[in-house]
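Asks: TrEMBL feature annotations, pasted as is:
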type	residues	note
ACT_SITE	D:Lys169	active site, proton acceptor
ACT_SITE	D:Glu176	active site, proton donor
BINDING	D:Gly7, D:Leu8, D:Gly9, D:Arg10, D:Met11, D:Gly12, D:Val67, D:Pro68, D:Ala69, D:Asn95	NAD(+) binding site
BINDING	D:Asn95, D:Ser118, D:Gly119, D:Gly120, D:His172, D:Asn173, D:Tyr177, D:Arg268	substrate binding site
DOMAIN	D:165-303	domain '6-phosphogluconate dehydrogenase C-terminal'
There are 4 protein chains.
Amino acid sequence: MQLGVVGLGRMGQIVVDRVREAGHDVVAFDLDEQAVATAADAGATPADSVVDLAERLGGDKRIWLMVPAGDAVDAALDDLEPHLDSDDVVVDGGNSYFEDSVRRAESTDAAYLDCGTSGGPAGAELGFSLMVGGPEWAYEELVPVFDAVATGPEGHDRMGPAGSGHYVKMVHNGVEYALMQTYGEGFELLANGRYDLDLESVARTWNNGAVIRSWLLELCEEAFAEEGNHLGTVADRVEGGSTGTWTVQEALEQEVPVPLIYQALAERFDSRSSGGEGPGRFSRRLANRLRYGFGRHEVPRREE
Amino acid sequence: MQLGVVGLGRMGQIVVDRVREAGHDVVAFDLDEQAVATAADAGATPADSVVDLAERLGGDKRIWLMVPAGDAVDAALDDLEPHLDSDDVVVDGGNSYFEDSVRRAESTDAAYLDCGTSGGPAGAELGFSLMVGGPEWAYEELVPVFDAVATGPEGHDRMGPAGSGHYVKMVHNGVEYALMQTYGEGFELLANGRYDLDLESVARTWNNGAVIRSWLLELCEEAFAEEGNHLGTVADRVEGGSTGTWTVQEALEQEVPVPLIYQALAERFDSRSSGGEGPGRFSRRLANRLRYGFGRHEVPRREE
Amino acid sequence: MQLGVVGLGRMGQIVVDRVREAGHDVVAFDLDEQAVATAADAGATPADSVVDLAERLGGDKRIWLMVPAGDAVDAALDDLEPHLDSDDVVVDGGNSYFEDSVRRAESTDAAYLDCGTSGGPAGAELGFSLMVGGPEWAYEELVPVFDAVATGPEGHDRMGPAGSGHYVKMVHNGVEYALMQTYGEGFELLANGRYDLDLESVARTWNNGAVIRSWLLELCEEAFAEEGNHLGTVADRVEGGSTGTWTVQEALEQEVPVPLIYQALAERFDSRSSGGEGPGRFSRRLANRLRYGFGRHEVPRREE
Amino acid sequence: MQLGVVGLGRMGQIVVDRVREAGHDVVAFDLDEQAVATAADAGATPADSVVDLAERLGGDKRIWLMVPAGDAVDAALDDLEPHLDSDDVVVDGGNSYFEDSVRRAESTDAAYLDCGTSGGPAGAELGFSLMVGGPEWAYEELVPVFDAVATGPEGHDRMGPAGSGHYVKMVHNGVEYALMQTYGEGFELLANGRYDLDLESVARTWNNGAVIRSWLLELCEEAFAEEGNHLGTVADRVEGGSTGTWTVQEALEQEVPVPLIYQALAERFDSRSSGGEGPGRFSRRLANRLRYGFGRHEVPRREE
């Protein structure tokens, strides 16, 4: 099948590559011409504009948006709208707020799929986990693409109607914050505890058979291997927080207690306002580094 | 090599089986004759008593204790002590408090290895994660056994001197509590949120490529598959808590903040004292079920 | 001076009484005729409707709204609006959301004062604490009324421009939740601890000279005196939560960590969803009873 | 009556003064001769040593220890022991760990009263809150002294047998930590919120009639008055923590959830290990200053 991809940043290029490798055709556009050229090198048909992309796709368009959450999604949709009808399918693979996705699904003529995408740039080879919301028929139409972008048929599913994909992704991210902070607390205690331990060895031993083994723990192991036992210059400063904030807001709305997720978010706020002269809290320094591990987010570092 | 195994409960039998399968000889003892018979059927040499076991092992004894933490360990050591000298090695594979292990290491004539064992009965096939504390030479001597009991050479390591193995295992368990409660919070929000979701599908999709994938999340998936989307009669009551309590106590001693681990422990206390008429908090019901998932701990259920 | 009072529930009647006792004239209205009759018995001039009240006040109207937060405020304002001009002053003494107050201040022709009122029905004799937002001149105009309704000149102040009064009251309530839950935790530990204590005696001893003495602690003392040492049938169910939720939402917006306030709010949610057969968590049962202590909120009780 | 006072620091001198003012005789000793001279100036009979003090008291000795918790209490008791018999009464007015008090009560020949003392140096004029554990007859014997040291007859009571006084004081302090941190969170939100507020005015308004009024809130008001609206150079560093740690340890032992008290303690740990360049968390800076407010603990300040 043929897929239009709008947005060719790190994640967008991975989508292009994985879809191409699965034997599908891709028409690719980005505001950055260099990114379009890279996609063309990878075998995609380059487009000059969103409109050009829409025209090249012909009837029954299937379009994957991989642009930053917020205004960029609305801008792309505005450009596409005149070219869309009810047989077309638009996928938003970004980290949009689920209520925006509901609104967009209602206002576009196309079938709209909100697709939470987890795995980060580090998941390029394995494939992603895709949580999809929207009309059943549109999801079924896109299955070949989802099979290619995800780890395989098990790595994607339709969660429910419009918004549910980004809703589940939002909660995923709240859980992610708390898992990172939890591993951080464990290693902070070990780093300040009674024994002089090799934390990379601890993480490796745990990753082989322990109850708490996980991909995030593998990224801890990698972090200690690359930064050293005390995480070197990694700063006590954890950026980000919008999806975690949405999760807590939704939990307030639903009156569901989420004290661990809340505390993990509060640690981020705290890391940005604390005073002090030391290297800072080990737990948050590890969480800072883990964000690079899966998402290639820049690592704030302190001056030596 | 030849290994004596004292304690043939669920975990002890797995040790016997894995060590036998790796080609080693086992002499096995338990107070329960039936358990000794089972081990004998699996190819172990049965022993009538701890003393009989010690005598059958001859010189340079290597003995693995797999008995409940606490008095049972001291009792086994008391029986063994007259038969031990400095060329012998005793491994405590149970969940002992690390300060008990330090004390025992100091008081026995044998080399003493405290070995935190993670993976639970559910890890029988894959093998365990083994965190070992004690003398370097004794650890090296036991490597063939550790290779067999662990997932392989990567699944065990020497953490440091006496007590360090159980110390790292203690922190592992504190982390485990908080990971379980974190997943619980995420699913509690989804179960009470805006969409009618299939939580098994959510867990499966996350387990395939998402940042938060882990073994515990696989056990969540299994729990929803076996108990249903709302966890059926699984009660809002989480038993256990000693290793988590030790972790928080040690963190108080070291003045390391561990709010997520503390809160996960407090949720257990809370689950045992709350009043109310409903099915209870979903997060804790899931944590309750996960304890069965890896540890085969009995699942408290509410009457229908 | 002359004050119109709209809304003659428990708090509104107290306003009428205190303003009357300070020598001012009151015109009073409520949808409930009985409440109007009660106010008339106390010396107020009864009004048939909001419009009748406005007409009776003549020029330079000063009107105090003491109606439930939300639609009732807008409804009263809608009725008043045709009769208001820029020399008039309207005070909203209820628990309105501060952004609603900003909106109302912008849309009415009158000067608008948002007045957070703390002290609850239990504060009738002492007088209230009034946190006022809005134009300086309007605040100055109303000082005689504020002197009467508050504990005195120290019991009221202008916090800042429109919305600031209800903003400060919102945070006050978030703090209130956490203070109640904190005392609750202390007494829960004492009630389950090593000694058989008389909690009323503990509270009284603390209230006389201890660092933690406070009005809420006096209300704890009263609760133990009236309900008994184990709080009798008081249920583990804490109602309410909107102002606390607003506080946490605002803290998320401002990225300020408020883990204690969050946890106190989460305990309320938890108290409403927990399962279990016992009397429940003592801390929350005490918080439940304290809400009656200051606010005369009905006390949920469990069946004996 | 006649009272021996051992330990003439800030709190000990207040005991001497209040007991003298109530018309009793005092024999006073401290290792610091200057402190003894000060007590003598205030009308006490100076003693050269603990032994000298014991001898001057004659039969039926009543002795108040006001020395630092820990070894100093045992040292004073060791010196006194040869001079004590079962008609004598020793009061420990310090912040001892309750299990130490139980042990001391068992090992001394005298009747032993463990007396939790709250109110701090700032309570010199008003008098203290005294929580007393130990034999009923000994408590009754000392009532005239307790009446003098406390705010009056309401300011002291016998909590129960040996250790119960310090037990209740321990919980008091855990509650104190959480109350301070709660007010801190409220003011941190106001300091970073949408309005430019005068926090001293907020505190004063609240202290006059609001539900959350308290002595600690009066100390907040004083702190803003003396340090300015943004607390000047007061550092994000909260010292102390032993009684709070004991409270959490006891709650772990009793399996009582105390998340707010735990978090308040964790904030202290966090304040000592955080990195960062700003002035730090307002909540903890306020808690830092409040410790001076009631206890005259030195205020850590950051360099300007």
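Backbone N, Cα and C define each Cβ position, glycine as well.
Please go over these features one by one and say how buried each is and what sits next to it.
Replies: Sequence-distant neighbours of D:Lys169 (active site, proton acceptor) (same chain, 6+ apart, CB under 8 A from its CB) are D:Asn95, D:Gly116, D:Thr117, D:Ser118, D:Met131, D:Thr243.
Same-chain residues at least 6 positions away in sequence with a Cβ under 8 Å from that of D:Glu176 (active site, proton donor) are, in sequence order, D:Leu216. Secondary structure at D:Glu176 (active site, proton donor), taken from DSSP and collapsed to helix, strand or coil, is helix.
DSSP assigns D:Asn95 (substrate binding site) to coil in the three-state reduction, outside any helix or strand.
With a 10 A radius on its CB, D:Gly120 (substrate binding site) counts 22 other CB atoms from all the protein chains.
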Asks: When the pLDDT values for the domain '6-phosphogluconate dehydrogenase C-terminal' (D:165-303) are averaged, what is the result?
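Replies: Mean per-residue confidence for the domain '6-phosphogluconate dehydrogenase C-terminal' (D:165-303): 95 out of 100.
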Asks: Taking DSSP as the reference, which of helix, strand or coil describes D:Gly9 (NAD(+) binding site)?
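Replies: D:Gly9 (NAD(+) binding site) sits in coil per DSSP, no helix or strand.
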Asks: According to DSSP, does D:Ser118 (substrate binding site) fall in a helix, a strand, or coil?
Replies: strand
Asks: Nearest to D:Arg268 (substrate binding site) by Cα distance: which of the binding-site residues D:Met11, D:Val67, D:Ala69 is it?
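Replies: Given the candidates D:Met11, D:Val67, D:Ala69, the nearest one is D:Ala69.
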Asks: Any idea what the Cα distance is from D:Asn173 (substrate binding site) over to D:Ala69 (NAD(+) binding site), rounded to a whole Å?
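Replies: Cα to Cα, D:Asn173 (substrate binding site) and D:Ala69 (NAD(+) binding site) are separated by 15 Å.
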Asks: Tell me the Cα distance separating D:Met11 (NAD(+) binding site) from D:His172 (substrate binding site), rounded to the nearest angstrom.
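Replies: Each residue's Cα considered, D:His172 (substrate binding site) and D:Met11 (NAD(+) binding site) end up 18 Å apart.
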Asks: Which one is it: of the binding-site residues D:Gly7, D:Gly9, D:Met11, D:Ala69, whose Cα lies the shortest distance from the Cα of D:Gly119 (substrate binding site)?
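Replies: Nearest by Cα distance to D:Gly119 (substrate binding site): D:Met11.
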Asks: Identify, in sequence order, the binding-site residues in D:Gly119, D:Gly120, D:His172, D:Tyr177 that approach chain C with a C-beta to C-beta distance under 8 Å; the answer is 'none' if none do.
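Replies: Sorted by position along the sequence, the hits are D:Gly119, D:Gly120, D:His172.
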Asks: By a simple count of other Cβ atoms within 10 Å, which of D:Met11, D:Ala69, the binding-site residues in the record, is least packed?
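Replies: Selected from the binding-site residues D:Met11, D:Ala69 on minimum Cβ neighbours within 10 Å: D:Ala69.
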Asks: What kind of secondary structure is D:Arg268 (substrate binding site) part of, going by DSSP in three states?
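Replies: Once the DSSP labels are grouped into three classes, D:Arg268 (substrate binding site) ends up as helix.
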Asks: I'm trying to understand the geometry here, so how far is the Cα atom of D:Gly120 (substrate binding site) from the Cα atom of D:Gly9 (NAD(+) binding site), in Å to the nearest whole number?
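Replies: About 12 Å separate the Cα atoms of these two residues.
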